[in-house]
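Please read the structure below before turning to the comments.
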Amino acid sequence: MPKRRDIETILVIGSGPIVIGQAAEFDYAGTQACLALKEEGYKVILVNSNPATIMTDTEIADKVYMEPLTLDFVARIIRKERPDAILPTLGGQTGLNLAVELAKAGVLEECGVEILGTKLEAIEKAEDREQFRALMNELGEPVPESAIIHSLEEAYAFVEQIGYPVIVRPAFTLGGTGGGICTNEEELVEIVSTGLKLSPVHQCLLERSIAGYKEIEYEVMRDANDNAIVVCNMENIDPVGIHTGDSIVVAPSQTLSDREYQLLRNASLKIIRALGIEGGCNVQLALDPDSFRYYVIEVNPRVSRSSALASKATGYPIAKLAAKIAVGLTLDEMINPVTGKTYACFEPALDYVVTKIPRFPFDKFESANRRLGTQMKATGEVMAIGRTFEESLLKAVRSLEIGVHHLELNEAKTAADDVMEKRIRKAGDERLFYIAEALRRGVTVETLHEWSQIDRFFLHKIQNIIEMETVLKNHPGDLDVLKKAKGLGFSDAAIAALWNKTERDIYAVRRQRGIMPVYKMVDTCAAEFTSETPYYYSTYEEENESIVTEKPSVIVLGSGPIRIGQGIEFDYATVHCVWAIKQAGYEAIIINNNPETVSTDFSTSDKLYFEPLTAEDVMHVIDLEQPIGVIVQFGGQTAINLAAELEARGVRLLGTTLEDLDRAEDRDKFEQALSELGIPKPAGKTAVSVEEAVAIAEEIGYPVLVRPSYVLGGRAMEIVYNRGELLHYMEHAVRVNPQHPVLVDRYITGKEVEVDAIADGETVVIPGIMEHIERAGVHSGDSIAVYPPQTLSAEVIDKIADYTIRLARGLHIVGLLNIQFVVSGSDVYVLEVNPRSSRTVPFLSKITGVPMANLATKAILGTKLAEMGYETGVCPVRPGVYVKVPVFSFAKLRNVDISLGPEMKSTGEVIGKDVTFEKALYKGLVASGIHIQPHGAVLLTVADKDKEEAVELARRFADIGYQLLATNGTAETLKAAGIPVTVVNKIHSASPNILDVIRQGKAQVVINTLTKGKQPESDGFRIRREAVENGIPCLTSLDTARAMLQVLESMTFSTTAMTEGLVRS
């Protein structure tokens, strides 16, 4: 069927902010889809609230709306633009849910908009647990015994029939939110109550637990002519019971017999046909390891995390082709862009093994529950490609950036045997390392299989790795053994440790003896046809398929897996850097390992190397390609951390020099630079011992901000108010020594201001200045940022610009620079300088119209900013007000304190833009998922230091008709100020206490500021968690509360009686 000519304009719904369960894979899918539709000649309108994405760039769609993804706002856009059709299957769960809402509210019918791709009925059949089960029964496809429940009573009734364990899956939620496995009544009550609350339709599916079965996924595609193919089948190494987003996954499956593979393949194709899906779809199945019994677990009728992985694993662009199927094209008339010859209806074949390992945020959340289950906890993932499973696994392990270069983890090495067994029986994020350790201690594969339910095949492969360690230990310096170890995927660092050599020694020996990797192409057809795509992975074989061209090249280092503190913003900058290199006439080569992102789409760069971002793996590419240089500014801390080692190995770094990077990152050199430039910073010093830290704090006076040197996303930063707290921090948060000094700074309360600038050694361009709503002390990534600044005087703005220009020139910055200032009165202090691309670059680029990464890259390559038409100073302010609001994934992470501080906790961001600050902030808050109620009750419980300030806020809440609830201490303060308030009992008092008030939904907002004491048992912690579990906005900073009040005040008319406020003379 040729493409449809009866539609012209298509609205694409994006997936909104990055949260756990819905990350960069949808930016990749959405970008591909918009470009594919434009390629076919349609007009594309995109709506998405996430400014950090490539897809919200103006060149991706014909019109881009960065507005909240809510029924109200999207309906307005539809009424204004009158699109012919809407494509919701590329916006994750958010896009699907929104399409269902728009249809139910009658908006689509009213405006004559049809849904493209998979039809609404099919979406509902796959997503609604009852309809799905009915369809499976009709098809004769087995599903686990289950019941749909709407209350706890119904849950009890089901469990009486089939017994524990049972799995709870809430309907229409994302990444298994609210779900879990229950093994007893207490867990049932807790998980079912949460699940019902979090499901938008208040229903859960309870099913017999088949935990322990093999979890297999098929990524399938179908068109309107009923052509259907399997793009990729994948096997989860972790058995059923762990969310597939948290599982280690291999493609193609390794342990299925041909009969099992065909059995599950036929089931998947039968299901996608019965559902009538048009586009991409993901089918998850459970296979009994001991028989041919299987169950269908679920179907995602949309592009998903797994389809991004399948696209990158096979090279087959699922989202691009799904978008074209949606407008009527069929698989047998579309050419596969990878080979440029074969049609899209050929199933990809793989002659390599792909391994995906999730990246978890537990380095940021010490207290989080690390147990893995049906609710997703990973923020991102890495992928690696090798010729054997061992090679692929070890490459993926060293891509994770968790401080390991091999299957070796200190905690596992030092663990007692019983602890080790527990860690293997109950899966956590580090189970793989404990399994390796158990094998080293002589535990058998059989025992490990019994403990973990992981297939013996994978355990034997890990044993091969452990056996090779022994061979290496026994044959130091043996070149044949070295060759074999490299073939299994061992890193130079791992071999060096076993041979008591340095990593560079091993590299030198290999180079001398020609034990170097070759690069193979990812071509979708196991080398059967020649391929058009320059997409490579390394392995130790004979023939190299990556041909070096005559054109001078530049290598860009990507930012690796998404984690808190280093998100999609860095991928955005990487992609723009690559595009700018191409524009400048060089060959752009990228090295990265994140399967979710646009940067690892083979059509982004001239050449893509899917490799770990370690000095060794990057050097291999450099040795082959011989580029004119390497750019490290855009890959976040990942790339910056490789700079010193690369330069030591003779690599030319482009842009700001290593010496200048070091002057910005090294505390003492930085202070010296500041004093030479005459720029003030808060008093502070570096400590290399606990005693020294105490002495510095006493000298400059409390409160002080303490943090380790060289960190991203404020890891292990804290504000301490006295000696006791400082000692607690020094003992628990950091290991201080001369190699790892700790910075101790005077903490200044003031406004925080952030600036990004581009410099070329002479000209310094400042696209814009952002003012933070939360005062200094809240991590910049967790603050609400406003452009243009709302409360800064002209004098302060001039000072900020002056200091920025002086710093950029003084530190000889070539490329990007990010500075954070604190403003106290008319004094401006520098808090920190990052000589690289930052988290705010995409937001600022979009709202100011200054293509920052593009200009920075061209400056790095030698073009002067003045030649590009820019001059030193702050760019003219754009009309309108723009706010960047952080988005958190607290509902997914139990046991994590949501209070804001110097350590970053948000996973994503949204934008709000309008003509006034209040309207923009309203949109930003709504887009971030905060429901703003024009009336109701506010619950206040604030620390003593904040009570004075809370009085003014409480009075304003009362003025707009909010009822005030407060705990005793706060209530006393309010009563004394003459404000009417209802006292709520503290946690340990009689019911109804504060937790009951929150649970029963009697408060619309909770304002709770931190009393010191981070322990999970503290009252404040329990109040904040209770608010999150019940979906009530909980503000832990009075600044955020004040901003929200401004929004509420602007929405309500004031009602004052005529006598009030009249002054009698």
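Just so it is clear, glycine is given a Cβ too, placed from its N, Cα and C backbone atoms.
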Subject >> Arg169, Gly175, Gly176, Arg208, Ile210, Glu215, Gly241, Ile242, His243, Gln284, Glu298 bind ATP 1 per Swiss-Prot; candidate in Arg129, Arg133, Arg359 listed for that same site >> reply: Arg129
Subject >> Binding-site annotation, Swiss-Prot, ATP 2: partner of Arg707, Arg746, Ile748, Glu752, Gly777, Val778, His779, Ser780, Glu832 in Gln672, Gln790, Gln820 >> reply: Gln820
**OP:** Determine the most Cβ-crowded residue among the binding-site residues Gln284, Asn300, Asn834, using a 10 Å radius around each Cβ and all protein chains in the structure.
**Re:** Asn300
Original post:
Relative to the Cβ position of Glu298 (Mg(2+) 1 binding site), how many further Cβ atoms are located within 10 Å?
Top reply: 16
Subject >> Those residues of the chain, 6+ apart, with a Cβ under 8 Å from that of Glu832 (Mg(2+) 4 binding site) >> reply: Ile819, Gln820
Original post:
What is the number of residues in the region 'Oligomerization domain' (402-546) that are helix, strand and coil, as DSSP sees it?
Top reply: 79 helix, 11 strand, 55 coil
Original post:
If one measures from the C-alpha of Asn834 (Mg(2+) 4 binding site) to the C-alpha of Gln284 (Mg(2+) 1 binding site), what distance in angstrom results, rounded to a whole number?
Top reply: 43
Subject >> Averaged pLDDT score, the region 'Carboxyphosphate synthetic domain' (1-401) >> reply: 93
Original post:
Which residue counts does DSSP give the region 'Allosteric domain' (930-1065) for helix, strand and coil?
Top reply: 56 helix, 21 strand, 59 coil
